[in-house]
Structure formats: C-alpha cells, structure tokens
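Below is one structure, written out as structure tokens, with a few remarks after it.
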C-alpha cells in the first residue's frame, strides 16, 4: 500500500509499504529516499511517537495515512523509569519531550493510562506540561513511577497553636503536594513547613501511602526554624550528594533523603562521620554534624555474591554484586575497577546481550557466573 510522510518543511514523501513493515523498515525507506539517518528520524501518527520495533498495523496505519517526520535533535537519549515493583523500563526520549509524552511512552510499553501515572524525579512530582530539560533530566537519569490511586480522602493537620485544618487528598499525593495545599489554606510557604506523623518527619518526595497515612489521620505541622543547612554525602564511587537537612533531623531521615535522591534503600545504607557509624535514632546534632560537613556512605551488601567478567584480552575481573543489581549497576562497578565508561560496555551471558534496566536475577546469573565484556566501538549500535 502507499502511505505519505510529511516533513516539517511541508514536503510530502510517498512510500510503498506493507502493513507488516516495522517502523524501523519505514525509517530505512525514508533514508533511501531522503538520506536522513534513521536515528535522526522521529515519526508521529495520531499524536503518538512511533517505536522502531512496532509495525504499521500495530498503530492501525492504513493506506494513504499520513505520518509526520520530525528530526531528532542530537539530544536523543535513554532514561529509566523504576516502578514500585522494582521493574525498570528503558525509554528513548529527547530533552524536549514533555512529561505528557513520557507518560504516553510508558502507556505504550506498560499499558498504564497516563492519568494513573505520577512521575517523581529528585523528590519532585513532574508536571505534564513541562519538559525533561525543564527538570534537568539527563541521559540515563532514573524517574520513579507511582500509580495514582483513584478516590480521595480527608486528613487533618494540627498546628502548634492547636488549630486543625482539614485537607482533601489522595493516598498517592506527595508530602510536597500536601504542603502546597496547606499553603493554599494558611499561606505558610512549604519550605517553612515540617509535617510529622507517628513521630516521623515526612519527606517531600514520598506519598501519603508510603507512610500508611489513611483517611482521617492527623498530621502535626511544625514551623521550620531558619536553621536549615546543607551537608554532603560522599559515596564509594566518589560521587558527592548534597542534602538539605536540619540539625534536628535523625539519621533515619537523612537515609530517607538519600533514598529519594539515589534510590538506595535505607537498610542498605551505612553512614560514617568522623570514623563512627551513625545510628538511625540519633540526630545530626547528637553527632555534632554541622553545615557543610561530609558524611561517607557505605553500601551494606545483602546476601552479596561474586561474579566474574572476562574481557576480550582474556583478563578476568571479580565483582561483588547482588542478584538484585541491574546491569547498569554492574557496568558502573566495571567502570570503577577498569575505567571503561558504561556506554562503551556490552555484557554477554549465555550468548545474550544484557540490557541495562534488567537485573542479574532476571537473567538467572548466579554466584561465580562468568559474563563476557565486549567493547562497543564508538558510533556503533
């Protein structure tokens, strides 16, 4: 059959195709006619960006349909989306994509309607109309996907003056959203609010359901003294994370902030300051941790194991890993040992190339398994 492809310059190209052709095939035909490399092409139909591995019939593209061709700015990149079940999805995006576009891609891959998706990055809920670049989301960033439960509820917020405020919320609302609602009602800026429930200070990027806050629960609102400060946390990879904290924060709160930024569960974190391991129930001021102090983060291995990585030169590297480590994590460990950037690494096991977002256990890689490392030539696929 014939279909049409319209470019941004207004030119229309006619292509001979079959319903069973993949989008990849169509891009190759466009390359033959127009000389545009497939990796610079984005095809749009009915407002949706078409994925390479799908067919025309998957998108119900019929004879004489018109596709729109948009040139991919060189800002094409991959990002990861982590669900609460721990599954990681890889998406091809551009810095100029809106959050709405990203949710549509997640719907294509996972079938979750956009209105049930909430995307979180660096502890912030992302708004549909903003772009990835607005939030400084760069290649290989990880977003967190939280499902929006249907059906609202009421909760109460009690202030130190004894006043009680009633709020309409959803279990999937973040603490940040709740603070914004309090600001709407009471005029108190979110950065001066601290919310306490069951004796715990609530972190902005977490949801009410994360804290098991249910209908008619009561939160306590404490005004934040201007004593906020920044501290640094240095990881074994040499990365330094900056955290906004207060001297009265517990070590548990600090670990929760690290989880929000880096996705590392608190029970796998050990924090060291002045040579001492810090205990969850103590506060920063208990340890005399002051502004711009640096803590050291050591990961606690759970049921760790060793695996081997064999290079083409015949060298074998030993790595300490966990079954739950992603291939991305493994490549980072190889980078730490060998200095090879992750984007130049291809890992092979049992004849299969391993995908970044999957875990070792997904591939049934067990202790003392051997992976093979092949270097990706630059500019190669």
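Every residue, even glycine, has its Cβ placed from backbone N, Cα and C.
The following features are taken from Swiss-Prot:
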type: DOMAIN; residues: 1-76; note: domain 'Ubiquitin-like 1'
type: CROSSLNK; residues: 48; note: ubiquitin cross-link
type: DOMAIN; residues: 77-152; note: domain 'Ubiquitin-like 2'
type: DOMAIN; residues: 153-228; note: domain 'Ubiquitin-like 3'
type: DOMAIN; residues: 229-304; note: domain 'Ubiquitin-like 4'
type: DOMAIN; residues: 305-380; note: domain 'Ubiquitin-like 5'
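Counting Cβ pairs under 8 Å to the domain 'Ubiquitin-like 5' (305-380), the stretch among 1-76, 77-152, 153-228 with the most such contacts is 77-152.
For residue 48 (ubiquitin cross-link), the same-chain residues lying six or more positions away in sequence with a CB closer than 8 A to its CB are 59, 104, 108. Confidence in the domain 'Ubiquitin-like 4' (229-304), given as mean pLDDT, stands at 83.
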